[in-house]
Amino acid sequence: MTEATSELVIWRNGRLATLNPDHAQPYGLLERHALLVRDGRIAAIVAEDDVPSGRSIDLEGRLVTPGLIDCHTHLVFGGSRAQEWEQRLNGVSYQTISASGGGINSTVRATRDSSEAELLALAQPRLERLLREGVTTLEIKSGYGLDLPNERKMLRVARQLADHNGVELSATLLSAHATPPEYQGDADGYITLVCETILPTLWQEGLFESVDVFCENVGFSPQQTERVFQAAQALGIPVKGHVEQLSSLGGAQLVSRYHGLSADHIEYLTEEGVAAMRESGTVAALLPGAFYFLNETRKPPVELLRKYQVPMAVATDFNPGTSPFASLHLAMNMACVKFGLTPEEAWAGVTRHAARALGRQASHGQLAPGFVANFAIWDAEHPVEMVYEPGRSPLWHRVVQGELQ
């Protein structure tokens, strides 16, 4: 990204969907308003009649929203799982596929066998699909390397992707994603490697800003998850968790006990878990793509989340095994159709609540004075259009840190 200019730039004659909950109108809509941007941040929002003199860009009545935030992705990986999906449709069990070398282990193998340049080339078109939908910030997880050099490689590629494409990155260490082949039968030993070697080394190298764990019967136990959280906490690193996707293990309560940023998936979330998340300020990250692709039937408890006023983020969970959808608009649509969110809730889920899921709620996810000038400009009349019709992105331009992309 180019360096933000200190000159005041006036983005005038826009229809602003601020997503600011303090504004009375749905979506925080402000008709005929202008954004005043300086040093990569929003200096002020003023009515069109009050625009000062200075360098201006005429939006010609276009819709402006906060830049979209995809707060949960596995964008960097090698290989493909398309044939495995076809096998599953033909009745072959995941256990059979895994025993023959498929499943997550096939992605681990392909990722380990790929160079940084190869992983970058594979991830680039995936990222471009998200950028075409107005994404200005995204999270990318490791988790297909499962050893020090390959986890490092994945995180380095994530950083290069962001640097080359005008997008802000939140990198997450997900080394506790699965037990690698060389540690089969010794998950505790692998967690020791994560806690004592991978996590502190890559943290010292500045390659990530949060730590995630897959806490499930087919992943890691709550006890193993807590070991990773303790190692992260000792270094002052925020945590989050893949929890309650396939069963109820108390993962949401565990994430909440460590004041985690988000609890993700949460189809089997209990009321006790929801209450714990409310108390800790943990965001509920809904991932409808995985729910759809796995043909699940148990839905996240959206009504309970509303009752307890737990913020709901929405993300793609883009990954090769369970959610091969690089479309945040589609995730928003699925969240409405499958989980019962309103379009306005879905928009909050990819803006201000997604920002909170990344610990950036004070600077991202709204059009508001003092916030980073990340926004999307649309040839659209209303924000609902992007939720209603996924696959047709009316994006005009993205603006990242005040710079037109």
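Note: Cβ is positioned from N, Cα and C throughout, glycine not excepted.
If you look up Swiss-Prot, you'll see His72, His74, His242, Asp317 marked as Fe(3+) binding site. In the three-state DSSP reading, His74 (Fe(3+) binding site) counts as coil. Long-range Cβ contacts of His74 (Fe(3+) binding site) within its own chain (separation 6+, distance under 8 Å): Ile140, Lys141, Gly143, Tyr144, Leu174, Asp317, Phe318, Asn319, Pro320.
Feature annotation from Swiss-Prot assigns Zn(2+) binding site to His72, His74, His242, Asp317; the stated evidence is sequence analysis. Mapped onto three states, the DSSP output places Asp317 (Fe(3+) binding site) in coil.
Residues annotated as 4-imidazolone-5-propanoate binding site in Swiss-Prot, with sequence analysis given as evidence: Arg81, Tyr144, His177, Gln245, Thr322. A sphere of 10 angstroms centred on the C-beta of Arg81 (4-imidazolone-5-propanoate binding site) encloses 22 other C-beta atoms.
Annotation comment: Swiss-Prot describes Tyr144, Asn319, Gly321 as N-formimidoyl-L-glutamate binding site, evidence class sequence analysis. Shown in sequence order, Arg81, Glu84, Gly103, Ile104, Thr107 are the residues of the chain, 6+ apart in sequence, with a C-beta less than 8 angstroms from the C-beta of Gly321 (N-formimidoyl-L-glutamate binding site).
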Under 8 Å Cβ to Cβ from Thr322 (4-imidazolone-5-propanoate binding site), same chain, six or more residues apart: give me those in sequence order, or none if nothing qualifies. Gly289, Ala290, Phe293, Leu294
Cβ atoms other than its own within 10 Å of the Cβ of Gln245 (4-imidazolone-5-propanoate binding site), all chains, total 26
Using the CB centroid of His72, His74, His242, Asp317 as the Zn(2+) site centre, which other residues of the same chain sit with their CB within 8 A? Thr73, Lys141, Asp264, His265, Leu287, Ala290, Ala315, Phe318, Asn319, Ser323
Between the C-alpha atoms of Gln245 (4-imidazolone-5-propanoate binding site) and His72 (Fe(3+) binding site), the distance in angstrom, to the nearest integer, is 14
Please compare the binding-site residues His72, His177, His242 by how many other CB atoms fall within 10 Å of each one's CB, and tell me which has the fewest. His177
Tyr144 (4-imidazolone-5-propanoate binding site), Cβ-centred 10 Å count of other Cβ atoms over all protein chains shown, is 31
